[in-house]
Amino acid sequence: MNILLTNDDGIEAEGINTLAELLSKYHNVTMVAPENQRSASSHSITIYEPIIVKQVKKPYNIEAYSISGTPADCVRVALDKLVPDNIDMVISGINKGLNIGNDILYSGTVSAAIEGAMYKVPSMAVSAQFIKNKKENYKIAAKYALGMLNRLKKEDLKNDVVLNLNIPFCSEEEIKGIKVCKVGNKIFNTRFSEEIDEEGNKVLKLEGDINKDIYEGTDVYYIRNKYVTLTPLHYDLTNFNILEETEQLFLS
């Protein structure tokens, strides 16, 4: 397959390069990624500034470009200008940290994959759980991403599909299997610490703790039980459950 590879951690991040090295052994890979760290960019795009594109050399045989924009910008620029007619699938990742539960709304990694689907290209986001002071398990995540890709044939790929793949932090032997499941609830209970700087301004720092309320059958539940999770996503935000009710409420 011809694969467009992107991320939100930046073009020099270990995750994307681990995945690129493995995928390039079996597929044609073009890497288009942010020049700097752009985590939690969500689906933001660059409007008021020019986007700078630079070709980057990689030690494996792929074309690579850095973009002075967001993850969504990378996909837009790639599919409009750099490789407009030659991509079978967009893969975003490997992200440093999970993208499960409500966190997918903030994720530049997932949003880049969704942008691919908006261009009618099947897409997959890949994320690996990160635990502070421990070595990331990118090689395991890359192996699972390749395994998912190898199960697909071009004719199997629907152009509006977005697959969200997450790999828990554990040894490959400890992984219990793969679960196709729904998105869970929030992972963290958010709060801000507050300080006062020398000029009397409030300085807020994001903190929080792990949300212990877990719904069974969700990606959050299965990741915590050492399963790889795969969730099909879509970008239609319409709440169909109350569409008719809303019409009756406001138009009747």
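Here, residue 1 is simply the first one shown, and the rest follow in order.
Cβ coordinates come from backbone N, Cα and C, glycine included.
Around the Cβ of Asn95 (divalent metal cation binding site), a 10 Å sphere holds 29 further Cβ atoms from the protein chains shown. The divalent metal cation binding site annotation in Swiss-Prot covers Asp8, Asp9, Ser39, Asn95 and rests on sequence analysis.
With the fewest other Cβ atoms inside 10 Å of its Cβ, the least crowded of the binding-site residues Asp8, Asp9 in this structure is Asp9. Cβ proximity to the divalent metal cation site centre (mean Cβ of Asp8, Asp9, Ser39, Asn95, cutoff 8 Å) flags the following additional same-chain residues: Asn7, Gly10, Ala13, Gly15, Gln37, Arg38, Ala40, Pro71, Gly93, Lys96, Gly97, Ser107, Gly108, Thr109.
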